[in-house]
Amino acid sequence: MTVPSVTLNDGNTIPQLGYGVFKVPPADTERAVAEALEVGYRHIDTAAIYGNEEGVGAAIAASGIARDELFITTKLWNDRHDGDEPDAAIAESLAKLGLEQVDLYLVHWPTPAQDNYLHAWEKLIELRGAGLTRSIGVSNHLVPHLEKIVSATGVVPAVNQIELHPAHQQRDITDWAAAHDVKIESWGPLGQGKYDLFGAAPVAAAAEAHGKTPAQAVLRWHLQKGFIVFPKSVRRERLEENLDVFDFELTADEIAAIDAMEPGDGTGRVSAHPDEVN
Ligand code: NAD
């Protein structure tokens, strides 16, 4: 099993499938990440706010895997956009992770009411220049936020990590990203288990046709659309299942049927609207 790599707009590469650790309790994180590394994951997505960077770091250190075989992402939290706070925040994250550099550092939310995401982006450009992160990107940025940071700095984020699953596809953002060579990372790729995604007819039919599980069919949909994904689970069998998605391909019709699952009234979002997180 080989996870394909995606080349970012800065020339760096990222494994298209990884392991996300949102809501993995700090006390379980070292074990869960160690298991993920054992079953073959090489890309881990964490964040300062998840409170589990130390567990991620402990698992990396114990794994003996060469640093350049791993891709580690963490994120700047919302209350640390101002002044030199981003410098302190990344230093703390690196210390917890036991790393000298992360592979990708993201502005976690634009927090538009604070109106300081442009400053945060300018700081990330500096942090990349200082070698503390190889790539920089954003998360939960809507098109106006993206337009603002790119027109002010001329630096296009490598990725935008957004809520994305069949009921919430954010086509305005994915279209903008395609036009500007920004890769999309789908968070909540399985809808966070908050609606009956696996029982939906297009997903169930695709899974059955290929002898795979509904979760595998949905992950395949993300991958074939070019999105980067890092589903979360703390169960070894699901870690294995979610990685075992490179031996089949959905047909164009199966993809179109899943595309058509998004409700037209925009009610498919399962988490917060970025304008309301401040
Ligand atoms: P997800 O869609 O990955 O759903 C996780 C849930 O799906 C878990 O509760 C798990 O029980 C279930 N699940 C996992 N594999 C399964 C399988 N094979 N079969 C059946 N059920 C399965 O949601 P998520 O964890 O929110 O998103 C993935 C990652 O995205 C996070 O861990 C985190 O790294 C990132 N994320 C980022 C943001 C952000 O604001 N940037 C927000 C949320 C999540």
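Using N, Cα and C of the backbone, Cβ positions are placed for all residues, glycine too.
TrEMBL entries are annotated by machine, without manual review.
Annotation source TrEMBL lists domain 'NADP-dependent oxidoreductase' at 23-261.
All protein chains included, Tyr50 (active site, proton donor) registers 21 other Cβ atoms within 10 Å of its own Cβ. According to TrEMBL, the feature active site, proton donor maps to Tyr50.
As annotated by TrEMBL, site 'Lowers pKa of active site Tyr' applies to Lys75. The Cβ of Lys75 (site 'Lowers pKa of active site Tyr') has 25 other Cβ atoms within 10 Å, all protein chains considered.
As annotated by TrEMBL, substrate binding site applies to His108. Of all Cβ atoms in the shown protein chains, 22 besides its own fall within 10 Å of the Cβ of His108 (substrate binding site). A coil conformation is recorded for His108 (substrate binding site) in the three-state DSSP classification, outside any helix or strand.
Rounded to a whole number, the distance between the Cα atoms of His108 (substrate binding site) and Lys75 (site 'Lowers pKa of active site Tyr') is 5 Å. Counting in whole angstrom, His108 (substrate binding site) lies 11 from Tyr50 (active site, proton donor) by their C-alpha atoms.
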